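Inspection log for the structure reproduced underneath, given as structure tokens.
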């Protein structure tokens, strides 16, 4: 099985002018195509012992040219680490690598020439290869990171360390189901691959921003009529002083308020007048001797009795005035008689 051709259709684009990260998310059909069971790849850095360093150095000395000139990643193990496969044990991986070594022995006579040509044609390959070299150099992995979803392939030997490939399947409403892939490796390699794959999965489920027209407020054509700057509205108690323009809604409202104020004032004055009249009738009833003992007397009776009593008082006053005049004349007669008697 050609691993380079397997990775050719997923991670990289043959055209150098195209985007480095433009690719299509893998689906479940890729396992059926290569007759592989999905599992986690074997990390070249997690192989214990000194044998891993030997075959890793041989792979670096071979200098195989990757089918994708854009990447410059000439290590088959690195490509195998990027594109997970069904080789879950070290023995199977070494077997396939030895088969590749035997087939590539004619090309091993001049190992540095393809790399030199590639470096002359591509100035940015050296920096990418330096970032990818930590994946080829075997380094011990402290512990195995648990996977969030997917299936973990069982290894035949307990000493083998396994990198973690996280496969998170999202529910999509269309026919395609994008898969998010995270390659756990050296921090530089994680920065190289994980971020690029995350960028290609970014805009699949993005929503369109809301239209600016929907957020703009609608003009209100039914706004109430505003008052004129020169017009001053008075409080309800002083509505009589204001004189709004006739025929306007404000004038009708002010006239209604004026009617209400006038009605309130009229009711107050009427109640006050009735109270005063009642108190006067009560006082008049107390002055009439014939009505002092009656608690409930009609006003007409009180007025008639009071009138009669008043007329009687007037007659009595006249009689007293006439009697007084008589007494005064009698007094004058007596004074004149006294003086006449003294003159004798």
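Heads up, the Cβ atoms here are built off N, Cα and C, so glycines get one too.
Swiss-Prot lists 100-162 (among others) with the feature region 'Disordered'.
The compositional bias 'Polar residues' feature in Swiss-Prot is assigned to 102-112 (among others).
What Swiss-Prot lists as compositional bias 'Polar residues' is 123-133 (among others).
The region 'Disordered' annotation in Swiss-Prot covers 209-261 (among others).
Residues or ranges marked as compositional bias 'Polar residues' by Swiss-Prot: 236-255 (among others).
The domain 'bHLH' annotation in Swiss-Prot covers 261-313 and rests on sequence analysis.
Sequence annotations record features per position, and here Swiss-Prot assigns region 'Leucine-zipper' to 313-341. Residue counts for the region 'Leucine-zipper' (313-341) under DSSP, helix first, then strand, then coil, are 29 helix, 0 strand, 0 coil.
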Exercise. Would you mind giving the whole-number mean pLDDT across the domain 'bHLH' (261-313)?
Key: 90
